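Visitor: Handing you a structure now.
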Amino acid sequence: MKISCTAMFTLLLQLRRASVASAFQQPARIISARNVGQRSIASSSSILLAKEGGGGGRSSAAVADKDLLNKTTSDKQSNKKVALDTNPPKGTRDFYPADMRLQSWLFNQWRQVAATYGFSEYDAPVLESESLYTRKAGEEVTQQLYNFEDKGGRNVALRPEMTPSLARMVMAKKGGLPLPLKWYSIPQCWRYERMTRGRRREHYQWNMDIWGVDGIEAEAELLSAMVMFFKNVGLTADDVGIKVNSRNVIGEVLTELGVPEEKFAATCVLVDKLEKVPLDAIQGELEELGLERSMIEKLTEVLTNTSIESISAVLPDDSKAVQELTKLFDLCNAYGIGDWIMFDASVVRGLAYYTGVVFEAFDRKGVLRAVAGGGRYDKLLETFGGEPTPAAGFGFGDAVIVELLKERNVLPSFEGSGYDSVVFAMSEDLYGVAIEVASKLRAAGQTVDLILEKKKPKWVFKHASRNDAKFCVIVAGNEYENGEVSVKDLSAGEQKAVKIDSLEDWATEVRSTNN
């Protein structure tokens, strides 16, 4: 019996599919002759399979091509894009509008205090020469640099702190700056360090520095400014304390132990690490400095003192450290901040350039790490090849203080934008009038959100409430015919009509009332 062309075509098509399937390592199912009605066709199929890739015959292209699956994948599948990682780099932050409002508030608090104390603002590049930070004193900061070689072959780094940049700027003027100078800045700083609560790999830092004042008066002024900020944001001496010490305390002890002066700075850096690691962890580094374990044990014993009286008993009678600390505490009492300040001989600070008084603000409940810190660094300019210049200052990070304010429940809310007025038109034909109204209010000094598209009044009022707006100004047909708009006071819930021509006067009246 003859088979139809259709049956033959069907068999050949299925055999081809079976051959392609074998390329994917799936067993090919051979259609028997009975399925199409002829034994002769089965014979033909065996021959075809032999030719296509079975029984040691010539392999088909489908079987030989191992990349067939990729080649047969649709363009839509092959062009599929990898999803974007929406997280910022580890240790960094995005600043959404509410975050920016918080930051602006905090920076304004810092700027207000700085201005109150007669400081001037400055800034410097976030990218500096790496050599500005690679001091040879074992400081952690030198191990935490975001550093690289730029396309010009220069070794550069993102600044981990601001003080070296300030020193560079002062040196650049070659003595042309009148002293004393009182400068402040709020730079973004970068350190690749272990992250904890309030400690990130990037942060903004309020820096206050006084150059050209040799006496302890500079430190007292700085401590007073720090305390004023704490008070302004709602913190008390029960929330924050400031530990004070002097590098001269350690210096005098090391002198008695026979340690050379040139090793003082490196020793202070190591002693500062003892707060985080046991003595055994830095024993090797101490030995490299020629310090015996007994010397460090004696030093750490001295550093347990928490009063000037007790430290006086172990230092020479004419101790310079005791004299300057005594005077500092007297000045702090004169400033009225004595209850914020306490002596703690264990405070050393980890930067090698400190030369005298050092201080550290801390959370009295012990929940958070150091809130701020600083001290005197008279020899910093000298390390860069300049003339020795007396200087003192502090750094105050943004992340830790925000955490502390949250912890004490004194941080204001910044969820709403706080517009003065939201202006909207009840109908599209009045949108031009709404623009005129918004323009008048903006010219009068108000912050105004003009609703740019058609919305229902319910949505507008909810939007205004969500953004902490003070007023809703409604442009409606009936009022407009009388040359008026409706103004709703969102806090009092009262609504009144105001002449469009008198909006500037209304805005001025509202501003004076709120002030």
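Heads up, the Cβ atoms here are built off N, Cα and C, so glycines get one too.
Annotation source TrEMBL lists L-histidine binding site at E161, M162, T163, R191, Q205, D209, R349, Y353, Y354. Under the heading compositional bias 'Basic and acidic residues', TrEMBL lists 69-78. The feature domain 'Aminoacyl-transfer RNA synthetases class-II family profile' is assigned by TrEMBL to 91-412. Per TrEMBL, the feature region 'Disordered' maps to 69-90. According to TrEMBL, the signal peptide annotation covers 1-23.
In the displayed structure, how are the listed features positioned relative to their neighbours?
Guide: Neighbours of T163 (L-histidine binding site), defined as other CB atoms within 10 A of its CB across all chains, total 20.
Mean pLDDT across the domain 'Aminoacyl-transfer RNA synthetases class-II family profile' (91-412) comes to 88 in this model.
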Visitor: With an 8 Å cut-off on Cβ-Cβ distance and a minimum sequence separation of at least 6, pull the same-chain contacts of Y354 (L-histidine binding site), or say none.
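Guide: Expected: R247, C268, G375, R376, Y377.
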Visitor: When you measure from the Cβ of E161 (L-histidine binding site), how many other Cβ atoms are you left with inside 10 Å?
Guide: 18
Visitor: What's the number of neighbouring CB atoms sitting within 10 A of the CB on Q205 (L-histidine binding site)?
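Guide: Result for Q205 (L-histidine binding site): 21 neighbouring Cβ atoms inside 10 Å.
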